[in-house]
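Student: Okay, so TrEMBL annotates it like this:
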{"type": "DOMAIN", "residues": "630-694", "note": "domain 'CBS'"}
{"type": "DOMAIN", "residues": "720-786", "note": "domain 'CBS'"}
{"type": "TRANSMEM", "residues": "115-135", "note": "transmembrane segment"}
{"type": "TRANSMEM", "residues": "199-224", "note": "transmembrane segment"}
{"type": "TRANSMEM", "residues": "245-267", "note": "transmembrane segment"}
{"type": "TRANSMEM", "residues": "273-289", "note": "transmembrane segment"}
{"type": "TRANSMEM", "residues": "372-392", "note": "transmembrane segment"}
{"type": "TRANSMEM", "residues": "412-429", "note": "transmembrane segment"}
{"type": "TRANSMEM", "residues": "484-504", "note": "transmembrane segment"}
{"type": "TRANSMEM", "residues": "511-533", "note": "transmembrane segment"}
{"type": "TRANSMEM", "residues": "545-570", "note": "transmembrane segment"}
Amino acid sequence: MDQKGYRRGSFQSSTSDEDMLEIAGASLDFSMADDAPPLDREMGGFSSYNGGGMNGTGTMMDFLEEPLPGVGTYEDFNTIDWVREKSRDRDRHREITSRSKESTWALIHSVSDAFSGWLLMLLIGLLAGSLAGLIDISAHWMTDLKEGVCLAGFWFNHEHCCWKSNTTFTDRDKCPEWMSWSQLILGHGEGAFAYILNYFMYVAWALLFSLLAVLLVKGFAPYACGSGIPEIKTILSGFIIRGYLGKWTLIIKTITLVLAVSSGLSLGKEGPLVHVACCCGNILCHLFTKYRKNEAKRREVWRDRRTAEVLGGVVGWVLCPDWELFCYYFPLKTLWRSFFAALVAAFTLRSINPFGNSRLVLFYVEFHMPWHLLELVPFILLGIFGGLWGAFFIRSNIAWCRRRKTTKLGKYPVLEVFVVTAITALLAFPNDYTRMSTSELISELFNDCGILDSSKLCEYVNDFNSTKGDDLPDRAAGPGVYTAMWQLALALIMKVFITIFTFGMKVPSGLFIPSMAVGAIAGRLLGVAMDGWCSQGADCITPGLYAMVGAAACLGGVTRMTVSLVVIMFELTGGLEYIVPLMAAAMTSKWVADAIGREGIYDAHIRRNGYPFLEAKEEFSHKTLAMDVMRPRRTDPPLTVITQDSMTVEDVEAIINETTYSGYPVVVSRESQRLVGFVLRRDLIISIENARKKQDGIVSTSIIYFTDHSPPLPPSSPSMLKLRSILDLSPFTVTDQTPMEIVVDIFRKLGLRQCLVTHNGKLLGIITKKDVLKHIAQLANQDPDSILFN
């Protein structure tokens, strides 16, 4: 909302994140019109809207008997006040509990209020699991559509089409019911012309899917692009981006996610599924009053629904909420509800069975050979590779995104998507391992070769030699293995570089699957190479295990996850035997990546976009004081304040017109500077507008007072306006000698928007969340103005 001027009658409340911002084709603008003064848009205060009043000549009347629409809410691109929101919820809960003893109806209302959280989790789990299954099934079918169509029913993908075929096991993918485009159009699938036609159809379908995705995003829901995880992390920390979790974003993101994945671009659907989940939960929150009217309560639910969606998605988050990505505020009751949402989503996903294997995970594997102690060396090497790849990818991708944002390239998102898709499709089709979907590629790389496997990766010579006195086969590599090796090497090079340019385009794009693919390819190559270390005729190496360890290492290097990453990968294996290799690779990857750069990919994008996010995992070790950070500085104008009982409506409106601050300290007088409280700009505007409309006698010369009793005035004075109800009487304060280490900790753990600085009880200045972020950036030798609200 534009705060540069104040006009009576111009305010319209918009308090729901479901409202969609009309910014088609535009980017978010977090620029600050007035950054130098001590108060800024990131300021706010605690207010209560329990009623208020006006003092007229001779009578006292309350025009705030009912809460005014908009009072106590927040404007777009502002930070919520966690302390105030939690206090509100406690007051609401106490009132419901006290009333429950008065009547049976009140008791029923109390029980329904307590049960509403679990009911909401049930609905979220059902919706999240259903959407995840729908997206997986649709993406699988549309991916296969690029190569052919099923004659038995066009809605069947390749695998489902051949289920009832009478072909042999080795030819199970060549059933007569499935026809390539050359077979359908030309009548045969052999020859150069058939190859060219299949090539053309593959590229054409890829371009069609990607163009549909980017046009839908640009035209209907600009917030539907990208991963969504950096923004979700910021929103969970208390920042408000209206429309980001709205119904249009949900609809467009669901559709375009299927299109983007089906186009063959080097991206995944895990991050976007988190965004889809939060959209679902945000919309469902509006069915319950206690969540609809409280921003902090809604953010508790968003953590639960994020768990449910990622679980329902793809890689196996059945019981593992990824604390390391989203942990900002996670109470114990949220953990239990997350568990319940995960249970419901797992049941829903199991009922849908989108993977066709009666399991909850897409990459379920089961290895039969134990690993050996000496194999820790190659596992650690994979961890080093994952750390190096993660650091290289983060720096390269951030540099490309910055270039996209600062050059003309950013003005043509449709052209960028078209070019990247064309290059990807042209390079992918000739190689069997890049032509298939990334999920299928990872499944094949994780696979533990058996006797009936027809993959080129499993073409080993099974010549039993009875003269050696044992029954172990000689596992010499066949020609198919060598062909697969150079194809995988080319696929690795392509994935490493094309993912850098793909992640961050104006289509839904996740990073988990591409990162796992890079690590899985590298791991499988190393595993096959290590197979020569075994003695002749002994099966002592499991190349699929190396692929899995490599996938974990690269994913850890990009996201900097460790604990949750190991649990996720453990769920893929179905056994505890491979925990040590995964732990070794994950820790090595994080150490190597942290030695090069401390930020994961999502934190780097948060900093690039300038979101007001205080990282809870970083320690503040500098010896600065609150007086070094507070505004105003010695060279700044005096602090803008409102006195408690001596300013007129005209005076307050002049302050609102002349400043862009989000709130104002209230003091006894300008001379004493004794602090009384803090009042929000938004609440002032709404209260004054309503008083002018609904009460006679309120004019520009009316005195505004925030005390219990009206000040003495001559009888001929106009009616006075009492606004004590919107005043926060307990703003958080620190002294000027408080170490910034403590101040930063307070901001992180309490989720403050601002705290006031005093000296011997007198107001000196203010520290906002933005001031803290700028101070941290300055101490890190970064330009504090370049990283905020870009």
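Glycine is treated like the rest: Cβ placed from N, Cα and C.
All TrEMBL annotations are machine predictions without curation.
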Student: On the DSSP side of things, how many residues of the domain 'CBS' (720-786) fall into helix, strand and coil, could you say?
Tutor: 25 helix, 21 strand, 21 coil
Student: Could you give me the DSSP helix, strand and coil counts for the domain 'CBS' (630-694)?
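Tutor: Helix/strand/coil tally for the domain 'CBS' (630-694): 24 helix, 17 strand, 24 coil.
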Student: Quick one: find which recorded stretch in 245-267, 412-429, 484-504, 511-533, 545-570 has the most Cβ pairs under 8 Å with the transmembrane segment (372-392).
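Tutor: By Cβ pairs under 8 Å, 545-570 leads among 245-267, 412-429, 484-504, 511-533, 545-570.
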Student: Within the same chain, where does the transmembrane segment (511-533) have neighbours whose Cβ lies under 8 angstroms from its own Cβ atoms, ignoring anything closer than 6 residues to its ends? I mean 6 or more beyond.
Tutor: 227, 266-271, 314-315, 375, 378, 381-382, 385-386, 389-390, 393, 433, 438-439, 441-442, 445-446, 457, 475, 477, 481, 485, 488-489, 491-492, 495-496, 499, 502-503, 540-555, 557-559, 601
Student: Sequence-remote contacts (6 or more beyond its ends) of the transmembrane segment (484-504), Cβ cut-off under 8 Å?
Tutor: 226-227, 265-267, 389, 393, 396-397, 400-401, 404, 420, 423-424, 427-428, 431-434, 441, 455-457, 459, 511, 514-515, 517-518, 521-522, 524-525, 528, 601, 605
Student: Among 115-135, 199-224, 245-267, 273-289, point out the range having the most Cβ pairs under 8 angstroms from the transmembrane segment (412-429).
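Tutor: Answer is 199-224, with the largest number of Cβ pairs below 8 Å.
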Student: With Cβ-Cβ distances below 8 Å as the criterion, list the same-chain residues six or more beyond the ends of the transmembrane segment (199-224) that contact it, or say none.
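Tutor: Residues 20-21, 23-27, 142, 145-147, 181, 231, 241, 243-244, 246, 248-249, 251-253, 255-256, 259-260, 262-265, 275, 413-414, 417-418, 421-422, 424-426, 429, 435, 505-508.
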Student: Near the transmembrane segment (245-267), which same-chain residues lie under 8 Å Cβ to Cβ, leaving out any that are not at least 6 residues past its ends?
Tutor: 17-20, 131, 134-135, 138-139, 142-143, 145-146, 202, 205-207, 209-210, 212-214, 216-217, 220-221, 223-224, 228, 235, 273, 275-276, 278-280, 282-283, 302, 420-421, 424-425, 428, 435, 437-438, 495, 498-499, 502-503, 507-511, 513-514, 517
